[in-house]
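The following features are taken from TrEMBL:
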- 7-189: domain 'UmuC' (DOMAIN)
- ASP11, ASP105: Mg(2+) binding site (BINDING)
- PHE16: site 'Substrate discrimination' (SITE)
- GLU106: active site (ACT_SITE)
- 416-474: region 'Disordered' (REGION)
- 420-431: compositional bias 'Basic and acidic residues' (COMPBIAS)
Amino acid sequence: MRNAPTILHLDMDAFFAQAEQASKPSLRGKAVVVGGLGPRGVVATASYEARVFGVHSAMPMAQARRLAPNAAYLTPRFTFYRAISDQVMALLRALSPLVEPLSLDEAFVDLEAGGAAWDSDSARLTGVRLRTDIRAVTGLTGSVGLAASKMLAKIASEQAKPNGLVLIEPGTERALLGPLSVRTLPGVGPATGDHLRRAGITTIDEIVEAGEDELVRLLGKAHGHGLYAMALARDERPVVAERETKSVSVEDTYDVDIHDRLRVGLEVQRLADRCVRRLRGAGLSGRTIVLKVRRYDFSTLTRSETLRGPTDDPAVVREAAARLLDSVDTTGGVRLLGVGVSGLADYTQEDLFAQAAGEHPLGSEEEAAVPEETRPAASVPAEHSWRPGHDVRHASLGHGWVQGSGLGRVTVRFETPDSEPGRVRTFRVDDPDLEPADPLPLVPVRPSGEGGAARADGGAGPEQTGVGSGAVGG
Ligand SMILES: [Mg+2]
């Protein structure tokens, strides 16, 4: 293990919720919950104000609503979060070629490999600067952990949250780890945690006291060895670039379990189509098709099939998904289905299959023929579904976001990232003056020092709001 704290772990603070608060002035300082809003949706991120009520990620949305009935409940805007993520990852890649993203808002960076740091002082300075740069570029805060290993860097960033920096000096690792819960160690989930607790082991010190043989006896050879080494702060895992989850996926949770096999098949086809739309929307194609099935008893299976080459053809994805479904027993009912495409050229939104993390995907590596590149003109009907939290534009009132909808009405709050908290107006859902809009940047795009290439963000309509001075050059 290296002897300088030059592995950096960055984790944006309550990322989705913070991004929403930054773009919606009326939500700043308020409890905000982002996630699936259906009856079986789960919380993706809760703002720190919502966490006070006990709301946390992966919690069923219904439970969150009971705990924090007055919080703002918003559906995620992944394209928006991804644009911010790209800015953050670019700052990390400026520090080192070895950047290992773990999700949209989290990554390891090997500072030594990039020459950005070589000892405690230079590492701390780099971390401080990075946090400042992230704030300046994105308008958001992230927390930084610095240590001599990945495991400890991640523990450090957790301790730094929110909006802080923690550096673990080499030599202090054992003392720091000792009193912490075994659950702090990577690879110790609820099941392993329970198993260890029944054996009287709850802290990392107790793992060390129990000894390696006992760990191997309790957890098996590979897991026991690995965990014992981690408890001694031995973690040699290198930072690996391009390890990110490269997938685009969609999934649906059903209010009532689906029993009809035919219906399950149709749902899978529908999800495959949706997944391809998203894939194409991001300008991507992928090689591996993944099917996820959660059954009535919450057992979750993933099946995958890798094609000879990348595709974004809906027919190919549909067929592969159907083949994968053939190998899954759905008697008893299905509560969730998902279709994903991975093996992409560029990394995409946070893995929506995160709930299956920790379960080892049971991949079936059959090969399928890849058809010629035919692209039927995908005419996707623009459904005006007014989803809470999403951006809209009103012909005369300007930019706002959907606060809620129902009974043929949609409520819009008119505000922008740099405005005062805005006013609320209600419209008929089919009001012709109201249309979906792209998110506004959180940090005003200023002409930069040299040349000042103004970045034009998405669909600039003919009627642009005249902002301040400066002609927009073409
Ligand atoms: Mg985070």
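Glycine is treated like the rest: Cβ placed from N, Cα and C.
Any TrEMBL annotation is an automated prediction that lacks curation.
For the domain 'UmuC' (7-189), the mean pLDDT of the prediction comes to 94. In this structure, the CA atom of PHE16 (site 'Substrate discrimination') is 9 Å away from the CA atom of ASP105 (Mg(2+) binding site). Classification of PHE16 (site 'Substrate discrimination') by DSSP places it within a helix. Distance from the CA of GLU106 (active site) to the CA of ASP11 (Mg(2+) binding site) is 4 Å. For the compositional bias 'Basic and acidic residues' (420-431), residue counts in helix, strand and coil come to 0 helix, 6 strand, 6 coil, using DSSP. Taking every protein chain shown into account, ASP11, ASP105, GLU106 are the recorded positions, and of these the Cβ with the most other Cβ atoms within 10 Å belongs to ASP105. DSSP assigns GLU106 (active site) to a strand segment in the three-state reduction.
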